[in-house]
Amino acid sequence: MNSAEHQALGHPNRDAPHVMGLVSDLDLKQTLVTLWRRRWAILALTLLSAVGAWLFVSRIQPIYTATAEVMIDSRRTRIVDIKEILSQLSPQIATVTSEVEVLRSRTLAKRVATALNLYEDPEFNPALRPVQSSRFDLSVVQDLVDTVRRMIHLEKEAVPELAPAEIEERQRAVVIDGLRGGLTVSAVPQSMVIRIAYRSPNPATASRIANAFAEHYVTEQLEAKFQALRYATNWLNERLEGLKHDLSASEQAISAYRANHNLLENRGVSSTQQKLTELNTLLVTAQTKRAETAARIARLEAVGRSGRGGMATDELLDSTFLSRLKEQEATLAGEASDLASRYGDRHPQIAKIRAELGEIRSKMSTEIGRLTQGLRSELAVLEERERSATREIADMESRSLSQNKAEIGLHALEREAQANRILYETFLNRFKETDQQETIQQPDARIISFSERPRAPSYPQKSTLIMAVTVAGLVAAIALILLIEKFDNTIRTKDQLEHLIGLPALGLVPQVAGSTANVAAYLVERPSSSYAEAFRIAWFAIRHPPDRPEPKTLVVTSSVPDEGKSLTALSLARTAAALGLKVMLVDADLRRATVGTKVGLSSELSLAEVLADGVDFQNAVVRDPLTSLDILTARAGGQKQVDMLAMADKVRQTMDAMRAVYDVVIFDCPPVLSVADVQILVRHADATLFCLRWNTTPRESALTAVRMLRDAKAKFAGALLTRVNVRKHSSYGYRDMGYYYGRYRSYYNN
């Protein structure tokens, strides 16, 4: 509903109401008040939950849980540094998870069941449990089933008979399944520890089985290692026998080959090869000396051609004669140089010295020639020796060619024998290591905590369960109460009336006990009562609106019957009359006239005669016996039938005529959702009062009626909550007039 609609309803300053109106606006304080009001229901539901939980827990068989712990141990005692056959478990999360699955495995459970002889324990073998007698004879059901089968010609399925071994195997499978059902294996976070927990109705059994799983798990690791070692030892032993035979055959083949090809034992080197090596050494030496001799000859020839015998060469220095001639040459040359410097080149002594130098130099040239000839003879000998060595080498190479081919085959045999020898030694060493490991094997896990016999059951935890169910019952009770409150479709407060219906709340009218006539007179008889005060407050709000003139015609209506509108109209009229106003009350509900009954009056003339026959309304009114109020009654079900919709102009003229005579004219109209007459009256009335019965009128009905009145152009004065039970209303904690009517009822003369 928008703001324009609110203005049409006479309440322009209100926010838009929630049209759906299915959930009450309960704040925290109101919620607490609601819970306090319903405290006995909440307490009853909570106690019922606690008692039910206690009864349930007392019938549950207690379960005990025993826990043992094992740790994957990555630390090992190294006596000798021997590589293990079965690798050690790595300290990783995946490894721990894998070992958890090993502990859960059916194989380990079977070992435990066999070790503890659980196949003979009635706790695990249902076949050994005593048959419990039943009050109901199942044979009757079986006979009935067989009869039905025969009637529909359905053959009974033949159940194959099982052999005793198959029956025993199935029973063992049931025992193992039951054993695994009580087992819980989990890894402790951020560690290498595995927790083994077992649940059983018997605390001793729980502890015994938890420890058995831990012990057999460790034992199974050792057995797996021993089995792997035995397999490896047997395989290595068989392999060594074959390798030993292969090595022996290889060595015998080498010996036979050497003998057949005349090969020496010193790594396969023959006499031909030794001789060839010596000849190659001799050839290299001859070639070196030949080259040196040829070089000496070339230097001597160069000295001879230059004519400078005085040049110092190795060949000249080796000759004693040449050395003396060289010394003489040097002495004469020095003398000639000294004389030439003192006397000049023409001195006779210089010519003599030069002649002696020429003779000496001639002798030196002759000696150089002799030396050169000697070297040439030596060179010829060296060249012949080189050619002879070359021929012998070629001959020896030809003879060793066949031996080289034989050595190739020998090398192949030696390589094969060496490979067999290495392989045999490797396997032999590993065999000895494996043989020694059987005495020093260690498991990869160890038990760090054996389970003890549990002293208290792990399930059910009676106090915790009862407390939890009790709290859950309390929460459920509170939720149920709040749900009931939220889905309450009625109106109980002024705030609800204003926000949900969109009309100004003019007050709350307390409910008065007694008959209809007594209630109608209650306002006059007890003017100081809270009932009379409620109507005085409502009348002041109606009579003095803040935004329009004082109304002279007022329509009082409701959405459905039995909402107290007629009594409200009568009470308002008597309140106005008591204030000295000239007031007329018109009973406009032609189908269910009640005003005359309430005041104990009747008349031959009614509103129907006024509208249909033109009777003057002043001749039709009767006087209220208790006040100065004039009342125009109606006769319900009378012969005179009036259709106000067809007489709209007549209704308007009559209302104008009444307005001219009286200060206030109040119309008790029929419910909006029952009769359409009210739409004509509200269109021409100065104000409309809408009545709702406290904690009874559905919100949807009220909203529908208000929309219809709005469509009829009604000018709302407001709405009034009627028949309020002030005791209940005050217990709700609503801080409005109804609350104070109940809380301070001693203040009023009720």
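Glycine is no exception: its Cβ is also placed from the backbone N, Cα and C atoms.
Annotations in TrEMBL come from automatic prediction, not curation.
As recorded in TrEMBL:
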DOMAIN    25-115  domain 'Polysaccharide chain length determinant N-terminal'
TRANSMEM  40-57  transmembrane segment
COILED    240-267  coiled coil
COILED    372-399  coiled coil
DOMAIN    412-483  domain 'Tyrosine-protein kinase G-rich'
TRANSMEM  465-484  transmembrane segment
DOMAIN    564-688  domain 'AAA'
Quiz item: Looking only at residues six or more beyond either end of the coiled coil (372-399), which have a C-beta under 8 A from one in the stretch?
Solution: 272, 275-276, 279-280, 282-283, 286-287, 289-290, 293-294, 296-297, 300-301, 304, 315
Quiz prompt | Segment confidence, the domain 'Polysaccharide chain length determinant N-terminal' (25-115), expressed as mean pLDDT | solution = 80
Quiz prompt | the domain 'Tyrosine-protein kinase G-rich' (412-483) - residue tally per DSSP class, helix then strand then coil | solution = 48 helix, 6 strand, 18 coil
Practice problem: For the domain 'AAA' (564-688), jot down how many residues DSSP puts in helix, in strand and in coil. | Solution: 51 helix, 17 strand, 57 coil
